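Notes follow once the structure below has been shown.
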Amino acid sequence: MVSSFKLSSLKQRRPQGTLQMGNGSDLFQDHGFDLLLCENHLGSGLTFAGLVFIFMIMITSLFGNTLVCIASVKFSYLHSYSEHFIVSLALSDIMVAVFVLPFDVIYWITFPRWPLGGYVCNLWNASFFLFLTASVLNLTAISIDRYLAVVYPLRYTIWMTSKVAKSMIASVWLYSFSIAILLFFLLDPPKDETYSFDLNPFVHGFLLIGNVIFPFLIMMILYFKIYTIAKGHAQRAGVNTMTSSNRALSVTSSRTTSFGRELRIAKMLGIVVLCFVICWLPFEIINVVILIDEGVETCAVELVDTVTCWLAYLHSSLNPLLYAFTGSEFRRAFRKLLCRREWRTGAELSHSQSNAAKRRPAGSVSDMKPQEISSLHL
C-alpha cells in the first residue's frame with residue numbers, strides 16, 4: 001500500500017544498493033537502474049509540482065475536515081450516528097495532513113538524503129498506514145451504516161445504537177493502530193541518512209489486500225445493493241401512483257419523480273464509488289505490479305508511480321465534499337459557519353422578534369386569531 005507514496009518504490013527497498021559518490025551524494029541503484037539519474041530525467045519541475053500539490057492538499061484537507069468536525073459539534077441537528085462516522089473519517093484525514101504530508105514535503109526537499117534518522121522514517125511509514133487505513137475503514141463503516149439505513153429502515157434504529165456506532169469507530173482505530181505498531185517494529189531502521197521501506201513481500205501483500213482491496217470490494221457490493229433496492233422502491237412508487245389515479249398528469253408526475261429520485265441516487269453513489277476508484281485503484285495496481293516484478297521499474301513507471309501517489313493523497317481532501325457537502329444539513333451548517341453576516345442577521349432577527357413579543361401587551365390585535373380580528377370589524 002505504501003510502496004509508492006514517496007517518489008519511488010525503488011527508494012524503499014534499499015539501502016543495499018546504495019553507492020557513495022566522490023562528492024558525498026547518494027546514488028541509488030537497483031538491478032542496474034539509476035534512480036537519481038531517473039529523477040534528474042523527470043526534472044526539478046516534477047519536484048516543484050509535487051510540493052505545490054501536497055501543500056494544496058494539506059490546506060484543503062485541514063480546512064474542509066476541520067469544518068466538518070466543528071459543524072458536527074456546534075449544531076445539534078448533526079448529532080446522529082451517521083455524522084459520528086463522518087467525523088471519524090474527517091479526523092483520520094486531518095491526521096494525514098498533519099502527521100504524514102509534512103514528512104513528505106521534507107522528503108521531496110532533501111532527496112536523496114533523509115535527514116531525520118531511521119526511527120523517524122519508520123514512524124512516518126507507520127503513520128501513513130495508520131491514518132490512511134483508518135480513512136479507508138471509516139469509508140467502509142459509512143457504507144455499512146448507509147446500507148443498514150436504506151435496506152433495513154425499520155430495524156436500523158434498533159441495530160444502529162450509540163453503543164454499536166461507537167464500537168465500530170473504536171474497532172476502526174484499534175485495528176489501524178495495531179497495524180501501525182506492528183509495522184513500526186517489523187521495519188528495520190534505515191542507516192546512512194537514506195530512506196527505506198524494507199518489508200517482507202508477503203506482509204506487504206497482506207496489507208494491500210486487507211487495508212484497501214478488501215474494503216473496496218465491500219463498499220462496491222454494499223453500494224450496488226443500496227442502488228438496486230432504491231431503484232426497486234422508486235419503480236414501485238411509480239406503479240402505485242399509476243394505479244391510484246387515471247389522470248395522465250398524475251402518471252407523468254409520478255414517472256418524473258421516480259426517474260429523478262433514481263437519478264439522484266445513482267449520481268450520489270456513483271460519485272462516491274468513482275472517486276474512491278480514481279484515487280486508490282491506480283495506486284494499488286502499480287503497487288501490485290511492482291511487488292510481483294521489481295524489474296518493471298523504469299522512469300516512466302516512476303512517473304506513473306508518483307501521479308498515483310498524489311491521487312491517493314488527494315482523496316483525503318475530497319472526503320468533505322463527498323460525505324458532507326452532499327447533505328443538506330451540512331450545507332446549512334457550513335453556510336452558517338462561513339457566512340457570518342447571514343449568521344448574525346438570523347440571530348439579530350430572532351432576537352428582535354423575541355424582544356417584540358416581550359414588549360407586546362397581552363390581548364393586542366397581533367396576538368388575536370384571524371377569526372377574532374374579523375369579528376372586531378363586525
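Cβ atoms here come from the backbone N, Cα and C positions, even for glycine.
Model, not experiment: these values are computed from the prediction.
Residues or ranges marked as transmembrane segment by TrEMBL: 46-73 (among others).
Per TrEMBL, domain 'G-protein coupled receptors family 1 profile' is recorded for 64-323.
Distant neighbours of the transmembrane segment (85-109): 5-7, 47, 50-51, 54-55, 57-58, 61-62, 64-66, 68-69, 72, 115-116, 120, 124, 127-128, 130-132, 134-135, 138-139, 141-142, 145, 165, 168-169, 172-173, 176, 195, 313, 316-317, 319-320, 323-324; these residues of the same chain sit at least 6 beyond its ends, with a Cβ under 8 Å from one of its Cβ atoms. Look at TrEMBL and you will find 85-109 (among others) tagged as transmembrane segment.
The annotation transmembrane segment is assigned in TrEMBL to 129-148 (among others).
The transmembrane segment annotation in TrEMBL covers 168-187 (among others).
Among the features that TrEMBL reports, transmembrane segment is placed at 202-224 (among others).
Residues annotated as transmembrane segment in TrEMBL: 265-283 (among others).
Taken from TrEMBL, the feature region 'Disordered' covers 350-378.
Counting Cβ pairs closer than 8 Å and at least 6 residues apart in sequence, the transmembrane segment (202-224) and the transmembrane segment (129-148) reach three or more and so form a contact. Among residues of the same chain six or more beyond the transmembrane segment (129-148), those with a C-beta under 8 A of the stretch's C-beta atoms are 1-2, 81-82, 85-86, 88-89, 92-93, 95-96, 99-100, 155-156, 159-160, 165, 168-169, 172-173, 175-177, 179-180, 183, 207, 211-212, 215-216, 218-219, 222-223, 225-226, 276, 280, 312, 315-316, 319, 323. Each residue in the domain 'G-protein coupled receptors family 1 profile' (64-323) has a pLDDT score, and their mean in this model is 78.
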